[in-house]
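Sequence annotations record features per position, and here TrEMBL assigns domain 'ABC transmembrane type-1' to A:186-402. Per TrEMBL, the feature transmembrane segment maps to A:6-25, A:46-72, A:78-97, A:117-138, A:185-209, A:229-251, A:271-293, A:314-335, A:384-406.
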Amino acid sequence: MQTDQLLALFSGVLLLLGLIAFFLGRAKAARVRAGGTAMFAQPDQYAWFAVLTTAGPAILVGGLSAFLMLLLGAEIPPLYLLAGSLAVAALGLAVGVRQVKPDFHARQAIERVIRWILVGAALISIFTTFGILFSIIFEALRFFQMHSFWDFITGTVWNPGASFLAAAGRADEGASAAQFGSVPLFAGTFMITAIAMLVAIPVGLLAAIYMAEFAPKRVRTLAKPTLEVLAGIPTVVYGFFAAITVAPLIVDLAGVFGLDASFNNAVAPGVVMGIMIIPFISSLSDDVINSVPDSMRQGSLALGMTKGETIRDVVIPAALPGIISASLLAVSRALGETMIVVMAAGMRPNLTANPLEDMTTVTVRIVAALTGDLEFESAETLSAFALGLVLFAVTLTLNLVSVLMIRRFREKYRVNNL
Amino acid sequence: MNMQAAPRHTVGTAPQVGQPHTRNDQACHDLSIRVRDLNLWYGQTQALKNLNIDLFEKNVTALIGPSGCGKSTFLRCLNRMNDLIPSVRIEGLVEMDGRDVNATKMDEVALRRRVGMVFQKPNPFPKSIYENIAYAPRMHDLVSRKAEQDELVEKALRDAGLWNEVKDKLHEPGTSLSGGQQQRLCIARAIAVQPDVILMDEPTSALDPISTATIEDLMDKLKQQFTIVTVTHNMQQAARVADYTAFFHLGEIVEYNDTKTMFSNPATKKAEDYITGRYG
Amino acid sequence: MSQSFDEISAQLQRRHRKSARLKWLSMGALGLAGLFLVLFFADMLSKGLPAFQQAQIRVELDYNEDATRMGRAALDPEVSRLVSRTFERLIPGMLADDPELLGTTETRWVLANAQVDQYLKGHTHRLNAAQQATVDRLAEEGNVALKFNTTFFTSGDSKMAEASGILAAALGTVMTMLVTLAIAFPIGVMTAVYLEEFAPDNRLTQIIEININNLAAIPSILFGLLGLAIFISFFGVPRSSPLVGGMTLALMTLPVIIIATRTALRSVPDSIRHAAFGVGCSRWQVVRDHVLPLAMPGIMTGSIIGLAQAMGETAPLIIVGMVAFIPDVSATFTNAATVLPAQIFTWAGEPDKAFVEKTAGGILVLLAILIFLNATAVVLRKKFERRW
């Protein structure tokens, strides 16, 4: 039998048993109550308790064995498993119905179970983080068994070219040995991130200053959500915009100055990424500037400072931790951004300081390594995980620093809405 | 004596509009700020009604009255801090140095340069103690050299009676000081730009009694150099520090007198009731 | 002693100008950001709107013997180069299905090929001079025209631009989002309920909270790596399927839903809880019967926003293989499928210039859906917004 057929059978029988448990439990409780005995819980609660004792252990047994089969390769014939877990369900039914007694706290028992289910749900987010961490670390370690960590960190040539041959046991047929020096990838990533920040930070911060300090209330309530539309546009759309519209524009513009630009230049994805990030900086900065206490502004104005001086010398310095925090989040966002660079930046690892040349990024290489029909065991595929590990470490650090800074700001001015 | 001052005449049977009924003979009587028929609205609500008052140079004038009577609002009219509230509408004359401060031609930044302010809650900038004071004079080009700046900071801190406490930690943040010290820092900051008038909006209401006493002594010293207008909830404080006292009620000035007369022999029933603690 | 107003004002001139400059500069920045938005939408509309029209051509079909083997034989050789090859390929099948047709002729509108389409729209094309003349003549006779592009909304991907459509991708998106919502919504709401209503303030709770905030900021591509390594390699979930895509996106959407739900739960005032406790409800009954119903509009709003975010996500789906070429329209959970953003990505990579407008057209459809979802969320929030 197919797995899904088994699954359907299992669920079907379990559902039936559950229904039986519910009605048996309720009927028994109702009978006891009708007999004039006071009970600790409602009949429905006893019924639900019976359902729980029926389905809970059976699902647990089924899930656990499936997990064992996958994880440890244990050989359990599926039919035995089915029969076993259904037997557990039947046993649970019997126990559950037996427990319908006047002095049994069915409601409390149910609520204990519910509580554990809620805890389980809350733990899933932790499992996700560990899942990401372990899946990346595990594969990355396999990569570092093949290629030295030091070469990966310091090497300036990224040329996975022939690695798939090595994986196929035909290493000597490759023209040159594969090289995994990640420096050019990180150089490209930082270049594009720097360009994005050059666009996003001044525009975002100034827009936030206008919204928080100068704009009439109506303009502000309109402008903020409008800007946030920029953040809601899917990145694949920005990628298309960068590749089709902005990149040729940059090439033409460079041509005007007599410069030679590649169609995969770093400026186009950088600028478009910057546009995407503007609302991240402007929204958070606007909130932060707004929560700088008004007494600061009044203190400065009362000394005969102009509004501009007040903003520049008092408000912005006071809001600085929050603004830096927003910028760090934006940097983290830019480093991990994938689609814009996949579509608009180059594929060629290129160590250069000229943003008009094509260069590639970490995320582009991750995508390149994992698409197409590559052997999962090859060094190139695994290199994606090594790159992912570095990306994870860098963005995690930036996020944590950012959280700490905003927390410091919050404590300083006792604001809760950030 | 007319006990119920008519709305248009603030001082009962005062000989001249806006002048205190009796004068403090020791005080210097040069006019600093003249207010005539001042009305102020927050949206539809009228907060100040036909105020007339003369404020005298190098005196301390205290504004007293129950909460919400408009004394803080009036104080903020004197350096146009009410401009920051969008729905405010002001009519009438506030005259200083022969100029109407509410005129559109009047540069409010220049006005505030001459009319400084100290707030209810100390609000030092998130900068060092030194920078808190040096910042404004530097921006106003009052100092040109570093040595001058150091000198000015020291003088302001000495005048504010804070020098001995902070001289060794000038580069620590202003927010690290105690509440009373912070308030004196704010006073030092205000006098460092050498204004003519200093407005104080309940400067001691957030402070402990010892800090309050220090600041009261300070006000007494500062009136040698500056015209001081202070709002206070604390009647004893008004009695201790002020040369003149104006009693506000529901947006009007009910009585304006030299302090001694005001507290010993108030001219109006409302002021007497307030001073003796019947309400407030 | 002190300076007069005029002296001070004179000194202030420069400083006032500087202050005004900051105002204009910051206003300019906001304007610039707005300009970007306008330019972006203008560009997408100008590129994408033509995709909703498609050239069709009226041809005389002669169902002769040769056409049973090669559809092109049914067409006048002069126009056969202008007709879409997807249509030509249909002809032998049509004849096999209905042998009666053989030997008859018929005049009907059929899909023109992409080059004719691009030529009519004034874009770059690859028609030679003679073909251009033919098209011009046909257009004058009214036998070539741009008509509403139903193909775009009713078919799957194709290697031929004129025959490609977004329906397969749209269905894939629906299936993927169903999986995402089915996983992320219950788990997200349960997590939030636990953290807000049940959790003691201990180390574990704090770790969960920090972890959730951090998950929200992890680059999406790393979720793709998780999907690949754990769901596909370890658990053997079929690659490229809406199931694996939906599971991956569910983990990404989880923090959004959790954070929105917590905000919604927190906005329910404690007085409601106290009142319910006061009439003898247990903690779970308070949550189920009183707090959750009141928080529901906020939870829905947050979930819709999270869903809209997931719907536009591409990078993790590329990693789990959801960029497959899907010509057939079918709703499936476990077979290979593609989603709208992935379809856009695939089309954007096509060398044929005719795909540019398809890409932009797909983008317009995706943006329309996202705007609709976000507008729904805003309306929902406005409608149920309650001040306690």
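Keep in mind that glycine also has a Cβ here, set from the backbone N, Cα and C atoms.
Counted over residue pairs 6 or more apart, the CB atoms of the transmembrane segment (A:271-293) and the transmembrane segment (A:185-209) come under 8 Å in at least three pairs, which marks the two as touching. Comparison of A:46-72, A:185-209, A:229-251, A:314-335 by number of C-beta pairs under 8 angstroms to the transmembrane segment (A:384-406) places A:314-335 first. With respect to Cβ pairs under 8 Å, the transmembrane segment (A:185-209) is most closely packed against A:314-335, considering the stretches A:46-72, A:117-138, A:229-251, A:314-335.
Here the transmembrane segment (A:229-251) has Cβ contacts under 8 Å with residues 261-265, 267-269, 271-273, 275-280, 283, 337-344, 356 of the same chain, all six or more residues outside its ends. Within the same chain, residues 385, 388-389, 392 sit at least 6 positions outside the transmembrane segment (A:117-138) and bring their C-beta atoms closer than 8 Å to a C-beta of that stretch.
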